[in-house]
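Q: This is the structure, below, for whatever I ask next.
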Protein chains: 2
Amino acid sequence: MALASTQAAQARRQLVLNLFIYPGGHHEAGWRYPGARPERLLDITFYQDLARSAEAAKLDAVFFADGPAQVDNIRYASRFRLEPLTWLSAIAAATTHIGLIGTASTTYYEPYNLARLYASLDHLSGGRAGWNIVTTAVPQASANFGLAETPSHAERYARAAEFVDVVTKLWDSWEDDALVADPVSGLFADDSKIHPIEHVGRHYRVKGALNTPRIPQGRPVYVQAGSSDDGRSFAARYAEAIFTAHQTVESAKAFYADIKKQAAGLGRNPDHVKILPGISPYIGSTEAEARQLHEAFSDLIQPEYSISQLKQITGVDFSGHPLNGVVELDAFKDAGPAKLVASRFQLVVDIVRREKPTLRQLIDRLAGARGHYVVVGTPEKIADEIQHWFESGAADGFNVMPPWYAAGFDLFASQVVPILRKRGLFREDYTGRTLREHYGLPRPQSQFAEAARATA
Amino acid sequence: MALASTQAAQARRQLVLNLFIYPGGHHEAGWRYPGARPERLLDITFYQDLARSAEAAKLDAVFFADGPAQVDNIRYASRFRLEPLTWLSAIAAATTHIGLIGTASTTYYEPYNLARLYASLDHLSGGRAGWNIVTTAVPQASANFGLAETPSHAERYARAAEFVDVVTKLWDSWEDDALVADPVSGLFADDSKIHPIEHVGRHYRVKGALNTPRIPQGRPVYVQAGSSDDGRSFAARYAEAIFTAHQTVESAKAFYADIKKQAAGLGRNPDHVKILPGISPYIGSTEAEARQLHEAFSDLIQPEYSISQLKQITGVDFSGHPLNGVVELDAFKDAGPAKLVASRFQLVVDIVRREKPTLRQLIDRLAGARGHYVVVGTPEKIADEIQHWFESGAADGFNVMPPWYAAGFDLFASQVVPILRKRGLFREDYTGRTLREHYGLPRPQSQFAEAARATA
Ligand SMILES: Cc1cc2nc3c(=O)[nH]c(=O)nc-3n(C[C@H](O)[C@H](O)[C@H](O)COP(=O)(O)O)c2cc1C
Ligand SMILES: Cc1cc2nc3c(=O)[nH]c(=O)nc-3n(C[C@H](O)[C@H](O)[C@H](O)COP(=O)(O)O)c2cc1C
């Protein structure tokens, strides 16, 4: 009987929970909140401690966003970048189970270099690497790579598809049993199981093989975060986890249904594509306390920064606009979202249409988590929201985006996670060691091993 | 009096000692030697333990070579590659003082990406990063990067010079005091002290600034390992430490004198260019024991591998040649070293001219450390050699290249280092925390800060 109920609990669909780490916290004023430690923003032990807290709470992974340019207005906010591969390697050394997801750009990396970096992260972490595949929308990046202009959206996604093909071949190029390392016979590697990939495509020519044995996970976990039509079909084809931003459960449900359907249509198992919206929790022991916490953050906002962010997302400059003046939908009518992130633009327009906010209110809505879902309330309320999204086909789990560190996450770990656990929605402990095991994803075979077998 | 003698000891010129880590050891059969742990070759804790041993012996740095291709014959030797930046980041997390020098190619990296990786390594290690700047001579690399052929030697060095200029500007782009992070005023960074670099050159266009605050060391320590004329003049201009391979003290002295003179001629302080030949020690408690150790390694050599290595260095294929037949100087007369590493080729030809070896003997000479200086003897003899090179103008220190790990290094650390220390040639303990401090190198000013001051 006890056994049966344990098995039932194990069989129950489990939430995925990642900790999304952004220097200084996800609220744009997070670095200013009392208890935030701005003097430790470049101190690796601060992030190692955070990852250890996430691991103690049995989270699936920590996640770092990235982009190869200084984009945000750095004058008012802690918006520099931590290079994810190096940072995660040092975090790997301080942890044993938690997954390590880093972002890297298909537009601004060479496939051979990227394949090596992630292979190495997977080796040194014992199979915990995830790659958030982005094409880098921000126009500032291209000028750091000798390009006169940013490749178009379509061009970036075409390159991305070929890029993923190339690195997949590289990660497959050593079959699992190519490494022998037998000191007695003197055979180090069976070179008949190491395959030059001989890739020749429209954008890349890469001979291979990779110069490192196959990694514990076979391939890192493929994560994606595009929301455009191209982005969604790319994700449906390649991604094993998808990060996404939604303000409402309805919007998330539509996205969820679309992606799962597309994935199934491509012959994939929809369970192997985890949909993970962002959630930024402001937690209080009462509703009133939570609202106070949220207001304390609002009070720290610097409108110059928020207005520069709003311009970055929408292309519209609100510098002259009174903070207490209502934002008109008309303000966006001439903003061509062509070169911007269309889904993020749409999200702002939807807020304006739905809520008719003043500029101050709009800024406030975005300051918390750049358009991700913000929940203000008691631990129970936050757990209720998570469960509701999870059980109504809006999410397979969440990217948790604390407004500030470390306490902003510790509250979630100590107050919300135990409730989810009690409800049987989240693991008591890790049952595996790799990120694939945490996410319930299969370990891919090398395509060369299969080909070899098929022709044998 | 005690104080005076301490000061005298402190004032005495000190050796630099790096541990050069090569998977499986520097002897090509190192991975087969009893006690080597081939099953741990991809286990980061093995390398963390090694680095901790080196740190316990107060060495200056650990060093990883690199190249973006599978070059060596992997069938018989552990010659895959560990990606240095990730690997060193995980080693940084397990150590506190030792320097971390990684190799990366100016031919196959984008400057913005490389600048970020080393900046991050320097941040997360508290100022211990070194960059071994290579142009990558092996022809296999270009095919992994879409190039029809390898850029010429001259072209590679021309790109390298501009590349170093670009990344130097990127590392200088945030002045030291640009980061403010004052939660009270809300000023995160003084953006008047963050400089777009606006680089427009023959090979690179990079706008900048870097997206991370200035690093503890200002810039990573610049290391170089070229031996050609172009390589030497590049090193004399940019390098703060130079790795080099010499079979004799005379050859090393000529190299040393040349580089120091060139550096002085460029207005640099020659003490700020450390010349570090490789040394591979076979240590026994008696001469006979040391020779036995060396012979045990020779017995493990697999000639197929050695002959493929010899072909790689010289372009000459000795597959049909009897192992006991003498190698004629004539064999190399048609070998065009144009696309190979000329200095390494010359080193082999010099051995053949000087020693008239059989193929077996030649293979043996190269198997130990790919042409680096091999010393077989007691700890005293090895310390004597080191002191002799150090005091006769042949070296400022050494890259220690153990034939195998971990015992091959532990012997050096426990037997040779104490003798050097007793002779006053090597530190009792670290006096600083950064690699620049260990090497006695100044911390560079940001060029933008100086410019700003000059025009003020
Ligand atoms: C949670 C989340 C994280 C993201 N992180 C990054 C990132 O780190 N770097 C980046 O360039 N884009 C990031 N994006 C943006 C997308 O990856 C994508 O580049 C952008 O949405 C443009 O693609 P689309 O036009 O298909 O939407 C992120 C998006 C989301 C929802
Ligand atoms: C100790 C030492 C280590 C080296 N490590 C590397 C390396 O890791 N990667 C590489 O491409 N070349 C390496 N080299 C080779 C040189 O950096 C350089 O690329 C080569 O000598 C060709 O330059 P040159 O023609 O100026 O000699 C190394 C050389 C020495 C002496």
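Heads up, the Cβ atoms here are built off N, Cα and C, so glycines get one too.
According to TrEMBL, the feature FMN binding site maps to A:D66, A:T103, A:H153, A:Y157, A:S227, A:S228. The domain 'Luciferase-like' annotation in TrEMBL covers A:43-394.
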Q: To see if you understand the setup: which same-chain residues, six or more apart in sequence, place their Cβ under 8 Å from that of A:D66 (FMN binding site)?
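A: A:R81, A:E83, A:P84, A:G102, A:T103, A:A104, A:S105, A:N132, A:V134 - these are the non-local Cβ neighbours of A:D66 (FMN binding site), listed in sequence order.
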Q: Could you tell me which of the binding-site residues A:D66, A:T103, A:H153, A:Y157, A:S227, A:S228 sit with their CB under 8 A from some CB of chain B, listed in sequence order (or 'none')?
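A: Nothing passes the 8 Å Cβ test.
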Q: What is the total of other Cβ atoms whose distance to the Cβ of A:Y157 (FMN binding site) is within 10 Å?
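A: There are 20 of them.
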Q: Since the record lists A:T103, A:S227, A:S228 as binding-site residues, which of them has the fewest other Cβ atoms within 10 Å of its Cβ?
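A: Across A:T103, A:S227, A:S228, these binding-site residues, the one with fewest Cβ atoms within 10 Å is A:S228.
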Q: Give the maximum pairwise CA distance in Å, whole number, for the residues A:D66, A:T103, A:H153, A:Y157, A:S227, A:S228 listed as binding FMN.
A: 19
